[in-house]
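S.K.: Input: one structure, supplied below.
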Amino acid sequence: MHLFINMIFLINIVFIISIIFIERRNPQTTWAWILILTFLPILGFIIYILFGQNITREKNFKRKILDDKTKQKYLNSFKSHYKLDNISLKYKDLIMMNFNNDNSTYTQRNDIDLYFDANSLFEEMIDEINKAEKFIHMEFYIFKSDEIGKKILQALTKKAKEGVEVKLLVDSIGNSIHKKDIDKLKAAGGDFKIFFPGFCKYINLRINYRNHRKILIIDSKVAFLGGFNIGDEYLGKDKNIGHWRDTHTKIKGLAINDLEGRFLLDWSYANESDLDIDLKKYFINPHSTDLPKKIIGAQIVSSGPDHTEQQIKNGYFKIINSAKKNLFIQTPYFVPDEPMLEALRLAALSGVDVKIMLPGNPDHKFMGWIANSYFESLLNAGAKIYLYEKGFLHAKTIVADSSICSVGTANMDIRSFSLNFESNIFIYNEAISKSMEEQFFKDLKVCTKVTLESFEKRSIISRIGESITRLVSPLM
């Protein structure tokens, strides 16, 4: 027994040396791992094996990075260029950065609808699935075989039987579709793949890297992207959660091309196959006469651990720094790194009306403590913090100056920025941004405002929880 413990301590020391001298992580993450490996030697060893290896990360993504670069050549042939309208012109540096970081095409011929309620969203998704003629491509983090999940699976299976190409890609941890439902889809001619499958669901050396995207694309005519997963709880049917408040988009137009490209790259990686595609089948011709007449500037931006740049985080950062009047943020998990925290503080100190809305009843207590640990610094800078009390807030949105907004799958936390595979749409449009603002202020009516006075009255347990969880926040 003593020999085993000594071996674990020795291995932990090797890991610590690796973290400091070989992997060259950022200082916050380095100290967090050193604390865990020092004070929780046996448990820390297990946690590091599952969640901490950058060396494994490089090995995991070497092929994916090469594949993405090669396959991007297919997609570049459908890139298009526009003169910027007045709103987009204000954010030309952000547009250029998104393009340079992620090959994200700026498009204008788009029509975008917002959904804040799962009932109307799922109804619309099923309706569009039923109208599919060529293909249905679906990629989701969580997909359950409950009532709504089965309805969507039945719709997919029906279309597969009709000869429509159906591809369903799910995350290995988030997926809980019953095998019999998968077998029915496959028997009908549909395709089903799991992203990063492991030996079993929770024993996986790649468990730290989750495909958090929520994408549905149909015939290149319509696409859906946002925060809603597939399950009854998002309809408010979980009594422990209650009302589920989220934001999703329905997209028509050229922005779909980059979203389709993202799906095909993820699918080919999960399928371990080359990308052999018919561009005319999957992508919209920029010169098509069937494009929306509206001029809504948009970019699809994706990020993940297979890239050194944190593309979505960089986009958020630019929006925060460019805000002149107001900045409204909704996120279920709030774990900013130091540069992001400082950007928010500086915006507030500069006179920008910074409002941040978080869940009043977080689904994980320790995530609530971590978020709380940033409150005092933000409040002292003049930022305003609100806790949503009508169920659970899961929306991942940012809107600034009634002119630019972003909606998608990325939370404002370190995990979404660096460890998860995420996708967001950046929208350069006053009407859409104002709709986002209107919903934000509707949500404010069921929020509790956090003040310095009320925050200082929190319990001793909360204070201790905040102090401890803040130490490991870079790993969350």
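Every residue gets a Cβ built from N, Cα and C, even glycine.
Pulled from Swiss-Prot, these are the listed features:
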type: TRANSMEM; residues: 2-22; note: transmembrane segment
type: TRANSMEM; residues: 31-51; note: transmembrane segment
type: DOMAIN; residues: 207-234; note: domain 'PLD phosphodiesterase 1'
type: ACT_SITE; residues: His212; note: active site
type: ACT_SITE; residues: Lys214; note: active site
type: ACT_SITE; residues: Asp219; note: active site
type: DOMAIN; residues: 389-416; note: domain 'PLD phosphodiesterase 2'
type: ACT_SITE; residues: His394; note: active site
type: ACT_SITE; residues: Lys396; note: active site
type: ACT_SITE; residues: Asp401; note: active site
S.K.: DSSP helix, strand and coil counts for the domain 'PLD phosphodiesterase 1' (207-234)?
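M.R.: DSSP classes over the domain 'PLD phosphodiesterase 1' (207-234) add up to 3 helix, 12 strand, 13 coil.
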S.K.: Under 8 Å Cβ to Cβ from Asp219 (active site), same chain, six or more residues apart: give me those in sequence order, or none if nothing qualifies.
M.R.: Ala132, Glu133, Lys134, Phe135, Ile136
S.K.: DSSP helix, strand and coil counts for the domain 'PLD phosphodiesterase 2' (389-416)?
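M.R.: Output for the domain 'PLD phosphodiesterase 2' (389-416) reads 3 helix, 13 strand, 12 coil.
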S.K.: Could you tell me what the rest of the chain brings near the domain 'PLD phosphodiesterase 1' (207-234), counting residues at least six beyond its ends with Cβ under 8 Å?
M.R.: 50-52, 57, 60, 115, 118, 121-122, 124-125, 128-129, 131-144, 146-149, 152, 169-171, 173-174, 195-196, 198, 241, 244, 246-252, 255-257, 259-260, 262-263, 266, 282-284, 300, 302, 304-305, 394-396, 407-410, 416, 419-425
S.K.: To the nearest Å, how far is the Cα of Asp401 (active site) from the Cα of His394 (active site)?
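M.R.: With distance taken Cα to Cα, His394 (active site) is 22 Å from Asp401 (active site).
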S.K.: In whole Å, how far is Lys396 (active site) from Lys214 (active site) when you measure between their Cα atoms?
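M.R.: Just about 12 Å between their Cα atoms.
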S.K.: Within its own chain, what residues at least 6 apart in sequence put their Cβ under 8 Å from the Cβ of His212 (active site), listed in sequence order?
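M.R.: The answer is Tyr141, Asp171, Thr409, Ala410, Ser416, Asn420, Phe421, Glu422.
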S.K.: Return the count of C-beta atoms lying within 10 angstroms of the C-beta of Asp401 (active site), excluding that atom itself.
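M.R.: Its Cβ shell of radius 10 Å holds 21 other Cβ atoms.
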